[in-house]
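A.B. asks: This is the structure, below, for whatever I ask next.
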Amino acid sequence: MSVRRIFVSSALPYANGSIHLGHMVEHIQTDIWVRFQQLRGHECYYVCADDAHGTAIMLHAEKKGVTPEVLLDEVRAEHISDFQGFLINHHHYHTTHSDENRQLTNEIYQTLKSKGYILKKEISQLFDPEKNIFLPDRFIKGICPKCQAKDQYGDNCEVCGSTYAPTDLIQPYSVLSGATPIMKKSEHFFFDLPQFTDFLKDWLQRADLQPAMRHKLAEWFEAGLQPWDISRDAPYWGFTIPEAKDKYFYVWLDAPVGYLGSFQAFCQQHQHVSFDDFWRDDNKTERYHFIGKDIAYFHMLFWPAMLEGAGLQKPTGVFCHGFLTVNGEKMSKSRGTFIKARTYLKHLRPEYLRYYIASKLSAKVEDIDLNLNDFRQKVNSDLVGKLINLASRSAPFLQRFADNTTVSAFSDSALLEQLRGKSETIARDYEQREFGQAVREVMALADAVNAYVDETKPWILAKETGKAAEIAQIASVVLEAFRLLIIYLKPVLPKVAADAEAFLKLSPQSWQDIEKPMINHEIAAFSPMMQRIEEATLNALIQDSREELKAETKAPVQPSAAPEKSEITIDDFAQLDLRIAKVLACEAVEGSDKLLKFQLDVGDLGKRQVFSGIKRFHQPEELVGQLVVYVANLKPRKMRFGVSEGMILSASDDCDLQILLANGRARAGMTIS
């Protein structure tokens with residue numbers, strides 16, 4: 001097997017808050033994949049950094065009464081500590097506010113500019129007259145122009161999933177002051193993305209991408225690529241644009257360059273690793289980004305186009321994952337399920353979560369649910385009851401009957417050959433990011449080993465005379481099987497693996513060691529490696545999280561003069577044909593981050609199909625059979641995925657969205673008045 005040379009990154013956490021379990025999904029996924037590559041003997045480097053620029057950081061530092069640099073140092077130290085607590089093994093964790101990143105950002109920009117890829121044009125944008133600052137999209141809220149949902153951000157609606165310009169919002173207000181923004185003109189710099197349309201279409205066919213993301217990208221191409229605004233006006237926290245007064249690079253320009261900046265800093269500290277080998281020269285190296293599905297646009301369009309324009313190597317692949325829900329719902333501060341990484345670590349071992357997340361992950365772009373009851377049961381059953389139990393059951397027999405030394409040859413090797421025979425299957429699962437399948441394969445093998453113990457019954461043999469050799473054989477087979485299982489799970493459970501290697505008196509194991517049996521080998525006395533999760537521990541975690549976040553909650557800024565909607569007459573209301581509809585089927589729409597597709601029974605109106613942008617808030621299966629409130633006479637809307645024939649009504653606020661449900665006495669087709 002030839003040695004591969006691989007660069008890997010996770011998306012950069014924003015340096016404006018703490019790491020939470022949503023972040024950990026991505027970093028656990030990336031870390032497992034990197035550890036697997038290293039276990040196979042490949043040269044694999046994993047870097048990350050804090051995303052350290054933007055208006056939000058400037059305002060946060062101002063609010064705390066410190067400089068942005070002081071804030072960034074505090075947050076970066078906290079982030080590094082949290083990631084290390086979860087056994088995330090970054091080779092280097094940097095910051096985008098660094099000399100390396102400034103130099104690379106300027107180099108890329110100047111190259112793009114010299115090749116004619118940078119445009120200038122005057123734009124009008126919203127400005128807070130009280131704070132005297134141009135407002136980023138996420139600092140503007142108002143009523144969605146498509147579905148009329150209140151308090152939606154300036155770039156997209158979390159209720160219906162629509163995207164729009166901040167100027168399209170109805171009754172917009174600044175989240176900083178509550179003031180109504182005014183329009184103000186400014187000259188901005190744009191990256192001419194449409195020039196790269198043909199290149200991107202070609203790259204997307206060659207790159208390692210998931211089918212769902214290819215569908216999404218096809219949708220974006222169909223809509224047409226637009227020049228990308230890469231500048232922001234002072235006051236702003238970031239890198240100044242060369243030869244441009246009071247202009248700064250938009251955070252999303254220098255943030256992905258941060259992957260390169262972090263790797264360059266690592267290479268400067270480790271001279272045997274060449275930055276140019278991975279990013280400048282056409283060597284046989286690989287480059288992969290692990291990201292959330294919500295930032296695919298930046299990583300699959302802007303980023304490869306920038307690299308192409310600057311004459312740098314492009315990503316070999318970009319791997320997207322879904323969002324994390326807890327107990328089937330969006331993470332909630334009020335329910336205590338918005339859990340910070342450091343809060344989790346106060347109560348539970350990191351490998352519990354690493355294992356559970358791994359068991360849920362696949363190569364698909366799917367959301368992951370952390371069901372806390374299932375989490376406890378799976379950890380207790382799989383890790384404590386099946387895996388660690390093998391060592392705890394067999395080690396005492398080896399100590400008692402063979403002086404802690406395994407046999408010189410296995411008389412019955414069928415079970416061990418079964419385990420070794422799965423090595424390439426499990427390796428393929430890891431390589432393809434099918435971690436859930438890999439875990440299931442390993443646990444099926446653990447079941448087979450436990451069945452072997454139950455069949456051979458060494459505890460019965462121990463009561464008979466003359467059975468020492470047979471018992472030593474059984475214990476040696478089980479401990480060898482335990483060693484193999486530990487190697488298979490080492491990318492997921494690095495600390496348990498290290499403890500197991502110490503117990504077995506082995507040097508750090510690699511994938512190649514699968515074929516090297518542990519014969520005539522002395523082991524140490526067994527000591528517990530993992531404890532069961534108690535329900536009380538989970539309850540304490542939730543309570544701690546709830547109390548911690550309650551203390552941080554502040555009253556949100558309200559618009560200073562946000563008028564209510566204009567009055568309507570009863571005749572206006574009567575124009576709406578509101579009906580009760582029964583959900584016959586509901587499923588996620590492949591290629592869409594937000595949409596669910598409903599098949600509805602509307603009584604005498606027949607069957608209707610509706611698309612609704614509520615995927616983040618509801619699991620499809622929980623809605624089947626429910627009675628919902630349906631707008632029957634809304635004009636059908638043609639979408640990429642089909643025609644939406646009406647609308648399902650929901651209630652929402654800043655934190656949550658819930659479909660309106662009718663009680664059990666209602667029937668499909670009933671009118672609402």
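A Cβ is built for glycine as well, from the same backbone N, Cα and C atoms used for every other residue.
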A.B. asks: Identify the motif ''KMSKS' region' range according to Swiss-Prot, selecting from 50-54, 110-114, 330-334, 615-619.
C.D. replies: 330-334
A.B. asks: From 13-23, 266-276, 398-408, which range did Swiss-Prot mark with motif ''HIGH' region'?
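C.D. replies: Motif ''HIGH' region', as annotated by Swiss-Prot, spans 13-23.
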A.B. asks: Can you name the residues of this chain that are 6 or more positions from Cys157 (Zn(2+) binding site) yet have a C-beta less than 8 Å from its C-beta?
C.D. replies: Cys144, Lys146, Cys147, Ala149, Thr163, Tyr164, Gly613
A.B. asks: I need the CA-to-CA distance for Lys333 (ATP binding site) versus Cys160 (Zn(2+) binding site), whole Å please.
C.D. replies: 23
A.B. asks: Which residue counts does DSSP yield for the domain 'tRNA-binding' (572-673) in the helix, strand and coil classes, in that order?
C.D. replies: 10 helix, 44 strand, 48 coil
A.B. asks: With Cβ-Cβ distance below 8 Å and at least 6 positions apart along the chain, what are the contacts of Cys160 (Zn(2+) binding site)? List them in sequence order.
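C.D. replies: Spatial neighbours, sequence-distant, of Cys160 (Zn(2+) binding site): Cys144, Lys146, Cys147, Ala149, Ser612, Gly613.
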A.B. asks: Within 10 Å of its Cβ, which one of these binding-site residues (Cys144, Cys147) has the largest number of other Cβ atoms?
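C.D. replies: In terms of Cβ crowding, the pick is Cys144.
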A.B. asks: According to DSSP, which of helix, strand or coil covers Lys333 (ATP binding site)?
C.D. replies: coil
